[in-house]
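Novice: TrEMBL lists 57-74, 86-107, 113-132, 144-165, 192-216, 274-296, 302-320 with the feature transmembrane segment.
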Amino acid sequence: MLVAIVALAVAIALSLAVGSRGIPLDHVIQALQDLFAGKAPAGTEASVVVESRLPRTAIGIAAGIALGLAGALVQAVTRNPLADPGILGVTYGSGFAIALGIAVLGIQGSGSYVWFALGGALLTTVAVYLIGAGGPGAIDPARLTLAGAALSAILIGVITALSLLDPKTFDVLRAWNAGSLQDRGWPDLLPVLPFLAVGAILALALGGPLNAVALGDDLARSLGANVALVRGLSIAAVTLLAGGATAIAGPIAFVGLMVPHAARFVTGPDQRWILAYTLVLAPVLLLAADVLGRVALYPGELPVGIVTAVLGAPVLIGIARSRRMSSL
């Protein structure tokens, strides 16, 4: 855990110092000290750190934690190690709400997009939950996965139709769908932060009950676990976490897939430790990908969603091949 915390500190330092304009680390520290002392930024470098990179880093940390914890919960609930938050339709629910808001209601500005994205994620997950329920008080993981995939396919079609009919909607969604921390600030993070905090607390509290559920429904019930309640609360936490992260940063793939696997490799199957390590490692991955995107096309930059996709695709292939080989 100490190594993970050190890695997070290094990622934060790089996120504050590296970009189209490199800033020495001692200047970054001085700018932060002035900020905490209540002083105005002194000079261009201090302004870049305080007004641009600090909120961007904070959003990267929040979104990374949210996506990582959501991925760990989804993998535990669906018993599918290849699952990520998108399996519940959260990403496309957010995109659908934004497309609808722009095309029909004419919303403008990232502040409005945040609320529409979060609302769309919530409604989509509720729909998936209702469809995926195998009966009164029960949630079937297989039906939940199929319901999420089916609803996502429908929403993709609607989003595409709205984008083709309205050029403005197309332009906004083209930028948003890449998944980026660029041009994000405190007004984007602060409204969503309470949802992310509640989701994170709920996720960490579910570690023990999820260990019982992993033993099988019958054995979990014999141990006193309320299986339906645990899965329902897990889905609620995933909605808050993934919906909030998607609202502020757009759809960023593979963070919720890769990090829980890395944590599981270190800790074993105990969900309590998987969630704890994911809490630290997920923002490391997201911030590192963001820094890599800043320098890959210098002086331009790649959206972080593209970088995580490039990094995550080989990991997904490797996981799939290892599982297939182990099952032969």
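Here, residue 1 is simply the first one shown, and the rest follow in order.
Each Cβ is built from the backbone N, Cα and C atoms, and glycine gets one as well.
Note that TrEMBL annotation is computational and uncurated.
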Novice: Answer with yes or no whether the transmembrane segment (302-320) touches the transmembrane segment (192-216) by the criterion of at least three Cβ pairs under 8 A, sequence separation 6 or more.
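Specialist: No, the transmembrane segment (192-216) and the transmembrane segment (302-320) are not in contact.
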Novice: What residues elsewhere in the chain lie close to the transmembrane segment (302-320), defined as a C-beta under 8 angstroms and at least 6 residues from its ends?
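Specialist: For the transmembrane segment (302-320), the nonlocal Cβ contacts are 60, 81-82, 177-182, 249-255, 257-258, 261, 285-286, 289-290, 292-293, 296.
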Novice: Mind checking which residues reach the transmembrane segment (144-165)? Cβ under 8 Å, same chain, six or more beyond either end.
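Specialist: Non-local partners: 77-78, 80, 83, 86-89, 91-93, 95-96, 99-100, 103, 124, 127-129, 131-132, 173, 235.
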